[in-house]
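The structure appears below as C-alpha cells.
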C-alpha cells in the first residue's frame, strides 16, 4: 500500500531534542497513493459502527426514551473525548502504531508494548465475530451452513477472502468502505422515510413498559459497544495523506455521521412501530422494516447487515495489521513483522498474523473471551487517557497541528468522565473475565521481556525505534 517515509515528531526546540519516529520498513520502491479524506471517514465509520445494526437492545434494556437519550448524550461523554484525543495525538505523532506510540512517548517502551498487546488482542478477537455474523445471516438461505464442516469451511473461506481484500491495498479497502457504507445504510434511509407518516411522537417519550425491570448493564454495554473504537484509526496515521489536516476533519465528520446514522432510524422505528419492548433484540430493525414497508425491505436490510459486517472486518483488520507494522518499526516486534508486499506495499505479515489469530478465535466459544477482550480494551483506554494528560504536562511545547482547545484542568475532567465509566464496566465484570484478562496481561508482560531478551542477545533483527528517549 503506501510507502511511509521517515516521520519526524516535532517537539519544541527549546524544551528537548526532537523525537523521531523510526523509518518504516521499506521492501519496495513503488509509490502508493495515500488514504484521502472520504475513504478515511468511512474507515473510521466502520471502525466504530458500520450502521445502526446492534443498537436495538438499548430500547429493550431501558425503554425508548432512555435509548434515544443515550445515543444523544453518550457521544459527548465518550465518543467526542476519544475522537478529540485521537485527533490531537495522531497529528502530533503521525506514524503507524498510533496509541502504541503515544504510550511509548509518555511512559516508555514497557507501557508502549503493553498498550500494543492489549489493543491488538482486543482488536483481533472482535474481528473474529464478523465472518461468523456473515455466515449466521447466510445460513437463513443456505441451511447447510447452520452447523458442521460446511459452517467451519465457510468461516475459513470467508475470512481468507476478506483478508485478501486487505492485502490488495488500504486505498482499495478505503473506497470499498465508502461503497459498503452507502449500500448498507440505504435501507435505513428508505425505512426512515417510509416511517414518517406512521410516526406518533408520544412514543419517543415512553420510559418503558410498566412492570419491566431496566437492565442498565445491557443498556450501557450496548452504548459502549456501538460508540467505541475511535482511536483504532490512529494506527493508520502513517498511511494518510496530510494527516495533520486530514485526521481532525475526518474524525469530526465521522462523529457526526455515525451519531446521525444511529439516531434517525431509532427515532423512526420507535415512533412508527408499536411492539412489546422485549422484542427489541439485535436484528429487530429488519423486523421493523417489514412492518413499515414490506418483506422486500427486510431482505435488503439483512443484506446490508452482511455488507456492514464485511466493512467492519476490513476496517478493523487494517488497523490491527498496521499496528503490527508500527510496532515492528518502533522495535517492539522483530523487523520481520514490518515487511510489506512488493506488489501492493501492504503489511502482509501483519495481515497474515491478524488473520491466523482471527481464524483461531472464530472456532472457539468466545463469549467470555470477547468480554475479556473488551476488558483489555478498557485498560488500554485508561492508559491512553493517562498518556494524553501526561504528554500535555510533560511536553507542553510539543508541536500539535491539532490541539484540543482546553487547558489542563478541562482536559483532566474530559478524561475523568469516560474513565469513570470504564471503571464501572470493569468492576461489574465476571470472575472468568478477570481470570482471562489477567492471564492475557501476564502473557503481554512476558512477551515484552521475551522480546527485550531477544533484542539484547541479537537473536533476531529489530529496528532501533523501541528504546527511544523517554517521552
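The chain as shown is numbered from 1 upward.
Glycine too: its Cβ is placed from the backbone N, Cα and C atoms.
Checked against TrEMBL, the range among 36-54, 93-111 recorded as transmembrane segment is 36-54. Which of 173-196, 197-220, 221-244 counts as transmembrane segment depends on TrEMBL, and there it is 173-196. Looking at 6-32, 114-140, 249-275, the range annotated in TrEMBL as transmembrane segment turns out to be 249-275. Highest Cβ pair count under 8 Å relative to the transmembrane segment (411-428), across stretches 173-196, 249-275, 369-391, 434-451: 369-391. Counted over residue pairs separated by six or more positions, the transmembrane segment (36-54) shares at least 3 Cβ pairs under 8 angstroms with the transmembrane segment (173-196), which defines the two as touching. With a cut-off of 8 Å on Cβ pairs spaced 6 or more residues apart, the transmembrane segment (61-80) and the transmembrane segment (344-363) reach fewer than 3 such pairs and are scored as not touching. Only residues 6 or more beyond the boundaries of the transmembrane segment (173-196), in the same chain, are considered here, and those with a CB under 8 A from a CB of the stretch are 35-36, 38-40, 42-43, 45-46, 50-52, 165-166, 261, 264-265, 267-269, 271-273, 285, 288-289, 292-293, 297, 300-301, 304-305, 307-308, 310-311, 314-315, 318. Within its own chain, the transmembrane segment (249-275) is flanked in space by residues 37, 40-41, 44-45, 48-49, 51-52, 55, 59, 64, 67-68, 71-72, 75, 79-80, 83-84, 86-87, 185, 188, 191-192, 195-196, 198-201, 203-204, 226-227, 230, 233, 284-285, 288, 291-292, which lie at least six positions past its ends and keep a Cβ under 8 Å from the stretch.
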